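Asks: Structure provided below as structure tokens; questions to follow.
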Amino acid sequence: DGGARPVEMAIAPVPWGAGVIFGAFLRDISERRRSDEVRARLLEKVLTAQEEERCRIARDLHDGIGQSLTTLLVGLSAMGQAPDLDAARGWAEELGRVASGAMDDVRRISRGLRPSVLDDLGLVAALERCARDFERAHRVAVEFRAGGAGSCRLPRAVETTLYRIVQEAMTNVGKHARAGAVRVEVAWAAACVVATVEDDGVGFDREAVSGAGGSGSGLGLSGMEERAGLLGGSIAIESRPGGGTVVRARIPFEDRGHGEGDCDSARGAGPEDAGRGPA
Ligand SMILES: Nc1ncnc2c1ncn2[C@@H]1O[C@H](COP(=O)(O)OP(=O)(O)O)[C@@H](O)[C@H]1O
Ligand SMILES: [Mg+2]
């Protein structure tokens, strides 16, 4: 059609009668080029998101823990000059509260940084904890369900990606939805895992949010899409003003390298549950 196309060329000797000729093979690689470009764009966005996360952590450290440590220092100095033991005890009590607040901060920050609960307990337990934390923090009932072959371990990247996506979806529910009830569900079959976060809150107009060119909205929704996209998965969002929101993440995975038939045999009491019997 007169347009230019990227091609890959291979030249190989081909026996021809008593001699040899050289054959050239051309392959159209525009499709591969395009997916390389998409990948590069996604990676760049992920790096930007990482940079923003660092800024957030720096802020948390400075404003939260930094403040607590300053308060502790000032308090300790006052305690050293307390006129009597009772006054000193009063200070000790007060400073104990500050220290335990700082410990909560550290726990919160480190949990956000590295979901070690994933390594320890796996995706289902980690998500359930996420749901319970949300319930406590926002005083909203969260229904949690895990279905399908829920006892086999997924590839690490799939677990982390789903965990982060659900975390962001829940953060959005807490920040924007004003929901009365939330449902979190994770279910997987042999080659695909689906996580759903549903709320009955105020909902939003997806077009208006993405149409804003990102200026008004955060990186949350696009970050979810990028995370899923990097693993060949996708995010579907159903929402309309007044009608609540459903965020569904679908990630494909290969269960090769996870023990033969792991996912299928996990449908009953999986290998990891063998000693404990069905849950
Ligand atoms: N569960 C939800 N309920 C209502 N509105 C939502 C929900 N999730 C996202 N939104 C809307 O979509 C916008 C974009 O979300 P996001 O990309 O995560 O950015 P941020 O949370 O930083 O504002 C939000 O500002 C909000 O208006
Ligand atoms: Mg958000």
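Residue 1 is the first one shown; counting continues down the chain.
Keep in mind that glycine also has a Cβ here, set from the backbone N, Cα and C atoms.
From TrEMBL, for reference:
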{"type": "DOMAIN", "residues": "162-255", "note": "domain 'Histidine kinase'"}
{"type": "REGION", "residues": "252-279", "note": "region 'Disordered'"}
{"type": "COMPBIAS", "residues": "252-265", "note": "compositional bias 'Basic and acidic residues'"}
Asks: Please work out the helix, strand and coil residue numbers for the domain 'Histidine kinase' (162-255) from the DSSP assignment.
Replies: 33 helix, 30 strand, 31 coil
Asks: Averaged over the domain 'Histidine kinase' (162-255), what pLDDT does the predicted model reach?
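Replies: So the average pLDDT across the domain 'Histidine kinase' (162-255) works out to 87.
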